[in-house]
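Okay, so here's the structure we're looking at.
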Amino acid sequence: MEAIKFQNTVHHDRILIAFIFLFVDLSLCSPSQTQGELPYMTSDVKEVAGKSFDYIVVGGGTAGCPLAATLSEKFSVLLIERGGSPYGNPWVMEKRYYGFSLIQTDEFSSVAQDFKSADGVRNCRGRVLGGSSAINGGFYSRASEDFIDKVGWDKELVKDAYTWVESKIVSIPELTPWQTVVEFGLLEAGILPYNGYSLEHIEGTKIGGSIFDVWGIRHTSADLLKAANPRNIVVVLNATVKNIIFEGNGNASETTVKGIRFIKSDGTTDQTYEAYLNQPKNCTSNGDVILSAGALGSPQILLSSGIGHREHFKKFSIPHVLNLKGVGKKMKDNPSIAVLVDTNPQNRLPDPPQVSGIAKDLKFIIEGGIIPTGFNATRMPIAAKIAFPVSEGELKLSSTDPRQNPSVKFNYLADENDLDDCANMVHLLERVAKSESIAFYLGVKPQNNLMTSTDGQRKFCKANVRTYYHYHGGCTVGSVVDNDYKVYGVKGLRVVDGST
C-alpha cells in the first residue's frame, strides 16, 4: 500500500508534478490535447459519508488533482474540494473575463476567497476545483535546474513529470499587441538574452506557456482529472474538511490517521460527516490522507486537528495530538512591486501575462498585463517579484470554523537583504515601465525621470509592497514533513502542496 513512496514508485513522475506546480504559475491545455472524461462529481456529502477509500486527497487544486488522478490508476480515491466546479463559469473559463473573479468575492462561496495578511496586504486564494489555477494569470513555466538540484529531486523523473503534463495540457500563446509591447519593453530595459518561446526558467526575456488556449478558454488543473481511472475515484465538491480523525492512545509514536471529518461548505460547523481510510487485510500499511489544501489550508487543517505547537491550542477547545512546532512557521510571500503605466482606468479587454523577464540570476521576475478594477474599468500594471525571499512569518488559527481564513503574517521586506533586492528591482522595473516601446504604445512621451536614490527606492518598496500571489510555507520539508512528505510522528498523513 505504500503507493506514493516518492523515491521508488513508477508513479512518482506524475505525483511529483503536483508539488512542482506550486513553484510556477500553473497553466493547462487546448481541447484538442485533452483526452478522457471527468470523473464522477457530487456535492451530496451523504454519498461518501461513512465510506472508506485507499487514499483521501484534501484539496482539488494544482497539487490535489494530479495526485488524485495518478493514485486512482490502482487505488480507490476520494478527492474532497471545498469549492464548486469551474466548468460552465465564464468568469473562470473565459479569457475575456480574466480577473473578474478577484473583484467579486464573498465569505463562503465565491471562487476566490479574499484574505488580508496581518501586514495589511490584500491577497486571495482559490476556492474551486482547480484551485488557484482557476483564478490566476495562467503563465506556465518549469522550475529552474538549480531549484531541482536544491530540493534533491531526480532530474529524469522531473522531466517525465513535465512531459506528462505538457503533452496533455500546455498551450503556446498567441501574443496580444500589449504583450508584444511588454516584450519589447523588457528587451529595451536590458533583460537579455531573448529566448523566444520557452518553458524553461532561464535568464532573459521569453514567451511562456499559457493556461488559455487559442479559443481563449482557461484550462485548470481540474482537467488533469480526465486522466483518472473513473472506476476508482469520487470527487466531492462544496465540502470543507474540519479536521483529521485519529486513532490510538495519544502517544505520538502510535498516532495513526483514521480518516477525515468535514462539513458542507454552505452548512453549519455543527453538522459533520466522516470518511475513512480502508483497513485492508494482510497489509502492514494503510493508505494516506494527503493534504493538498494549499499554503493556508494545509497548516490550518493540521492545527485544527491538534497538530502544532502546544501553546497554540490554549485558547481553542482542540485536543492536542502532537507537539509539532513547525506547523504554520516559515510562511513566505514573494514581495512584489507594481507600477501602473496608464494614467487613467479605461474599458479595455483584460489581458493576462504571456511574456516574462527574468533577471539578476533568476532573482527578479517581471510581467505585465491588463487587469480589471471594476466591471467596466481596467488598469495596466507592470509587476515584478523577488524570488526566494529571506523574510518569513507565521500562520495561526483565527477560528475553529474551517471556512474562515487563518491569520497569517508574512513580514514582507523585514530582512535587509530583501529590502536591498527590492530597491534594485524597482530600478529595473522603472526602466521597463518607462521604456520607449510602452510610451509609444500608450501615445505618451518617454519619461527619463527614474528614481535614483537607493534610500528613496527602499522607502518606495516599504510603502508599496504587495503580493505576487505566490505565498508558500507552513508545512515545510524537514520541519513538518520528511523527504517523502510524511508528517513527522503521524502514520498515514502526508502534505503535498505549496505549504511544503
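Keep in mind that glycine also has a Cβ here, set from the backbone N, Cα and C atoms.
TrEMBL labels come from automatic prediction, so no person has curated them.
The disulfide bond recorded by TrEMBL for Cys461 joins it to Cys422 [selected from Cys422, Cys475]. The recorded positions recorded for this entry are Cys422, Cys461, Tyr468, and the Cα of Tyr468 lies nearest to that of Val128 (FAD binding site). Around Val241 (FAD binding site), the same-chain residues at least 6 positions away in sequence with a Cβ under 8 Å from its Cβ are Val58, Ile80, Arg82, Ile260, Arg261, Phe262, Ala293, Ile301, Pro402.
Here the Cα atom of Cys461 (disulfide bond) is found 14 Å from that of Tyr468 (substrate binding site). Listed in sequence order, the residues of the same chain lying 6 or more apart from Tyr468 (substrate binding site) and placing their CB within less than 8 Å of its CB are Asp333, Asn334, Pro335, Ser336, Ile365, Ala383, Lys385. Cα of Cys422 (disulfide bond) to Cα of Gly498 (FAD binding site): a span of 23 Å. Neighbour counts of Cβ atoms within 10 Å were taken for the recorded positions Val128, Cys422, Cys461; the minimum is at Cys461.
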